[in-house]
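Novice: Sharing a structure here in structure tokens format.
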Amino acid sequence: MDSIELKQLVPENDSEPGTPRQLLFQHYDISNEETIGIKPFKSIPAKVYILRVTEILTLGLLHLILTWLPEFRLKWIEAPCSNEDVEFVAISDPSGTSSIEKVSSICLKNDIQTSSFVLPSGKTRYFEYKKLRFYLEPLNLQWVLMPLETSAYSLVTSTPAYIQNGLDTFTIAKLRQVYGSNSLVSTKKSIVTILLNEVLHPFYLFQAVSVLIWLCDSFVFYSCCIVFISSYSIFLSVKESKESENRIHSIIGAPQPVTVIRNQVKQTVLADDLVIGDLLYFSNLDLKTCPVDGILFSSSCLLDESMVTGESVPARKFPLEDNSLDSWMIASCNIFSPHLIHAGTKFLKIDSTPSTPCLISVVRTGFRSNKGQLIRNLLYPNLRPSQLYLDSMSFLKTMAILSFVSIVFIAIYLNLYNASFGHVVLRSLDVLTILVPPALPATLSVGIANSIARLSRALIYTTSPESIHNAGCLSTFVFDKTGTLTENSVQLSCVYVKSGSNGLLKQVDADSLSLDSTKLNAHAYRVATCSQSLELVGNELVGDPLEVTLFTQFNGTFCATIRASNTPHPPLFSVSNSFDGPSQIFSIYKALEFDPVLRRMSVICSTSTERSLMLFTKGAPESILAISSQQSIPSNVQEVIHTLSSKGFRIIAFASKNLITPLQELIHLSRSTLESNVTFQGLFVLESPLRESSKDVISSLLRSKMEVSICSGDSLFTSVFVAKHCGALDSCNFIYTAELADSGDDCPQIHFEKIDLQTQNFQPIPDGFSLKDVILEKDSSLCMDGKLLQRLLTMLSFNEIKILLSKLRVLARMSPFDKATYVELCQKYGCKVGFCGDGANDCIALKQADVGVSLSDSEACAAASFVSKKKSIKDVFNVLLEGRCSLILSHRCFQYMVLCAIVQFSGVFFLYLKNYNFNDNQFLFMDLLIIFPLSAAMSYFDPAQNLTSNRPNSTLFGKGRVKDLGIQSVLIWLSHGLLTLILHELNWVELPEWQLEKSNTKNVLVTSIFLLSSLQYLGICIGINQSSEFLSPIWKKKTYVCLCTTIGLCNIYLCFANENHIISRCLQITRLPTLYRFIILFMGVISCCLTSILNM
């Protein structure tokens, strides 16, 4: 549910004219994952007029800047106010992103009554934010989203004969005005709009200004090349944006016709015309996608919910029979509700008859539906800038400050020599374009782009490119167990049933079930075949893999169900088994779906001969034992469960109960009443084999000093067994298992067991042993269930929880929300966390993690950072390697671009002192034939083959990097200064005199600094790109080696080439003394050596 928190802010100067007495800041929770802050503002007319005049005088430049920085527009022309006078609202989210939305008005023809407030007829103010409309509630002056679920409930309960009549035309028109339609249409941007958005980006505008400066300085050819490269880059960006937009619209799809009951008749309308409270009519002829979130009112149906929940197993939905508000809210707000049908889910089967059609009441439409939320996430992704990007922007600001200091110095210096004003401006701006490389942030994404390409070729797709850098600095990785570390397939190992003589459990192997059914009692067959989730779609059996295994192992058969029109509660489906024979048919009347909290599922059925009702239930042993009568529980059950769990088996307990209450009354009884005082019957023992690659991946992560944890919904000892056999516990000698003992005290009683991993034996626990003893003991790890973890979080101190997290290796009985909570907890304590799951119950944790690797490709798993099409756990290894590779390449590209800018700035600085400059072809040679190819080749290094214990630094300013950059910058300046000094002191040649209006571009000093700079560009590249444990060996990258060799030979050739050679004439290289040429070459080699030493 949405929630609101209001904060009253008192202005500092309450007597200031025009200042309201109270300022209202509103904190609003749109959902559990989306929170915004809303602050109202109003315009100051005089300041608005001044700003518009200024925007005109600056030819729109100021308007463009304020478009990039909307918060500055607010500060200049808007004043904070109360919601009574609001004209604009400033929206902020926890990531720091802000936006300004205009407040509009709508004229309501009638009052709109909701459960918590009333929107009166007349003028009502609202604003739209990311496809959601917020209304100003007039009584408390609060911004609110319309409460769809409660409003839909009011419509259903207040409409006379709702099931027969549906909504009337008047109500539909009133609802559409306020709640909006069911449209998910997002206006497609034209190519021109996308192009303008790209061109008006600060990066390309800076490029455009730079090109104008270069053209004024007669660098025509160089400018044309930059324009061509930038145009191609813009083309690629526009193409990518358009393709992304088309992908989103393909998910939305075209509006489909649906049947709806309105004004007492069935009508066919487009799905876009639906409103909350509408009554949809579906039949088996309408096996299509549901366009809204709705509550099922009659009949039952089988759905493919993979798009919304990520669950690959089809889900059966049942009608909501309890019409209370509490039941309605639980059904409509719980994503796993058995009565809720999500928008975007596909009907596989509808069990409807003319007397009981499939009727669905609409509770959420448009972007408020679950599919709408998915589309909103795609349209407005939560783009948190990486630390690397933020660091590069900070460094750009530093470079900008340095450039302005240099501009002032150059301007003063040139004025001393009576240079013209135009020449001073041109040289000053030229310094700015050299020292502040606008492509610096873009170079950080080159390594990411190459990593994405390599991952795509390996069938690993990313939905969050910025997460690749996060993958390079993970410290903790969490794995789901079932379907991730183990195979999806489940095999029945054996069955334990009660012995007739003494009531103890006895074992029956799975191989003998089909040979001699008398070894088992009838309940094992009946529970196994009377399944809750199985369906026969066509000729294919679909459902939970565990139930499919039990059904087929016990020779279950689906039977045709005869639905009598006069039967008030027809069966959902019917089955038979080999024990009772084909003549004994079991009809399932009610299915209590698997509940992750209760950890069990049940069915109510009857036989075709006795017609007596029975309840069969199965689930986690502790869950079934908790509802079983004490006299039915064998005395050796705990011993058997403990032994089997320690061997890694998955245990499902089952029980039964004879029901004497009539069916029409049973249907309305609560689950807790039905599932009570059952008779315990036995245990199904199953096993899921480990994936072949699980142990290799886990071992590699542990060798790289990464913390590895396993989260599972299975029992504690089963999870520990899997963790041990996949190598997750190899780094410790002992493990402690901790379980919460039943106790009514506020302080929980914890039962510990100590296991020696070398001998596989249980060790004695001393008296008075506590959790703090485990925390303090070295070489040990801790395993516990989710229930105990939640209790401990409320009891332990900050430091104790931190140590606890470092020792936790296995977490059992974890619900989907428990997994996400554990990931969030690790992040809270400073860990970068990765999570790998199969998508079924892991969507929340996958989204919460810094890096989520999904082994499912359903649409719901778009929340994961990476999706494996091969569904292989080895892809975790590939993602981590690519993350480290892209991170180190981004560091190197950043360092290279910065040092190249300093080399070029240092060179032109010493040339400007004589009013000299590089010529057009020299700039072109340095930038496009040396810097650009080398920076591109640098970014194409492949990742290393193995993970190492070291991790690359996530920040650009760590481990003395700034100090190294500073030292290298000083060395560059000293080398250029020394070269200039040598030329002056030796007096080998006479330099041209100062020219007032034009810089000299052909003389010995220009040639010398050009040759030295060219050598330094190559030397810096070689010095930076040394062997790294995160990258493949340099010699394997033949393109890079060949390019460096070619550029090096070209530079040596230029040092000694005759000035009359065609290349020398093209680059305007003048004649140099031979010794001086050797000095230049020597200084270039020394620069390379010093750079290499500093980067070791």
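Keep in mind that glycine also has a Cβ here, set from the backbone N, Cα and C atoms.
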Novice: Answer with yes or no whether Swiss-Prot records Ala46 and Thr1039 within the same membrane-side topological domain.
Specialist: no
Novice: Choose the correct range: of 20-41, 108-129, 658-679, which one does Swiss-Prot annotate as transmembrane segment? Give that range.
Specialist: 20-41
Novice: Short question: which residues 6 or more past the ends of the transmembrane segment (221-238) have a Cβ under 8 Å from it?
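Specialist: Contacts with the transmembrane segment (221-238): 191, 194-195, 198-199, 204, 207, 210-211, 214-215, 920-921, 923-924, 927-928.
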Novice: List the same-chain residues at least 6 positions away in sequence whose Cβ sits under 8 Å from the Cβ of Asp838 (Mg(2+) binding site), in sequence order, or say none.
Specialist: Asp480, Thr482, Gly483, Thr484, Asn488, Ser854, Leu855, Ser856, Lys871
Novice: May I ask which of the stretches 20-41, 896-915, 1004-1026, 1076-1096 has the most CB pairs under 8 A with the transmembrane segment (923-940)?
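Specialist: The listed stretch sharing the most Cβ pairs with the transmembrane segment (923-940) is 1004-1026.
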Novice: Can you check which residue among the recorded positions Asp480, Asp842 has the largest number of Cβ atoms within 10 Å of its own?
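Specialist: Max Cβ neighbours within 10 Å, all protein chains included: Asp842.
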Novice: In terms of DSSP three-state secondary structure, what is the assignment for Asp480 (active site, 4-aspartylphosphate intermediate)?
Specialist: strand
Novice: Taking contact to mean 3 or more CB pairs closer than 8 A (sequence separation of 6 or more), are the transmembrane segment (1076-1096) and the transmembrane segment (959-982) in contact?
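Specialist: These two segments touch.
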Novice: Sort out the residues at least 6 away from either end of the transmembrane segment (1041-1060), same chain, that have Cβ-Cβ distances under 8 Å to it, and list them.
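Specialist: Sequence-remote neighbours of the transmembrane segment (1041-1060) are 929-930, 933-934, 937, 1011, 1014-1015, 1018, 1021-1022, 1034-1035, 1067, 1069-1071, 1077, 1080-1081, 1084.
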